[in-house]
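Working notes, beginning with the structure itself.
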Amino acid sequence: MKIITIAICLGFPFLSLVSQSTENKLNVLDRKAYERSIQKNSNKELINLEKKIPGITLDIKYATRDNFTKQVIYKEPKAFARKPVAEALRKANLEFLQLGYSIKIFDAYRPYAATVKFFEIVGDTRYVASPKTGSRHNKGCAIDLTLVDQKTKRELSMPTEYDSFRKEAWAEASVSDPEILKNRTILISTLSQYGFRVNKTEWWHYDFLDCSGFEVLDIPFEELE
Ligand SMILES: [Zn+2]
């Protein structure tokens, strides 16, 4: 800021532009920078959700071709989130277990390179995050999920399939089937009690609200363990 102030005072608009563009550049951490960051703040650690949360299942769509890109994006089907996010999800899952359900994760922490790839494929920030900003998934702070029956592991009926671009996927879209409405309501309201807010246009996407200070990361899953 000091440089900008001085530059403006001295009437050097060129210098102020240069320092502003540096400030606006997205800060993306590689593995080494991430490791330094967790030494300073252990809450920044990415936790393996499958190991941390008893009873959850994974169905990581981007590790298969069964996703909107029709390409395999991840080398491994893994799910990670920052420590407080993982802890909140563990508590929410305990509540779901009491109802006879458990969480099934479609996607969690997403390396920044995957967000860049999505944008190359789709090229429209209405549907995918802009590489200029990254997404909360890149910060280990958002989870895509649904509920399954605890015993059979069958998915509960929800308004649409995962990653649907249809209007029915909106979190407040009207639902005529009472069972589907009940399932969506339990999912959204329980997660909201643990600090997660549903995305307006995606019933399966939940942002953890307390994510200040968590940077965008670009570390492939295989480098995390
Ligand atoms: Zn999402």
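Cβ coordinates come from backbone N, Cα and C, glycine included.
As the structure is a computational prediction, the values presented were derived from the model and not from experiment.
The active site, proton donor/acceptor feature in TrEMBL is assigned to Glu202. Long-range Cβ proximity for Glu202 (active site, proton donor/acceptor), meaning a same-chain Cβ under 8 A and a gap of 6 or more residues, is found for Asp144, Asp163, Ala169, Trp170, Ala171.
According to TrEMBL, the Zn(2+) binding site annotation covers His137, Asp144, His205. The number of other Cβ atoms within 10 Å of the Cβ belonging to Asp144 (Zn(2+) binding site), over all protein chains shown, comes to 23.
Taken from TrEMBL, the feature site 'Transition state stabilizer' covers Arg110. Neighbour count (other Cβ atoms within 10 Å of the Cβ, all protein chains): 27 for Arg110 (site 'Transition state stabilizer').
Apart from His137, Asp144, His205, the residues listed for Zn(2+), the same chain places the Cβ atoms of Phe106, Asp107, Ala108, Arg110, Ser135, Arg136, Ala142, Ile143, Asn199, Glu202, Trp204, Tyr206 within 8 Å of the centroid of those Cβ atoms. Rounded to a whole number, the C-alpha distance linking His137 (Zn(2+) binding site) with Arg110 (site 'Transition state stabilizer') is 5 angstrom. Under 8 Å, Cβ to Cβ, and six or more positions away along its own chain, His205 (Zn(2+) binding site) finds Ala142, Ile143, Asp144, Val198, Asn199.
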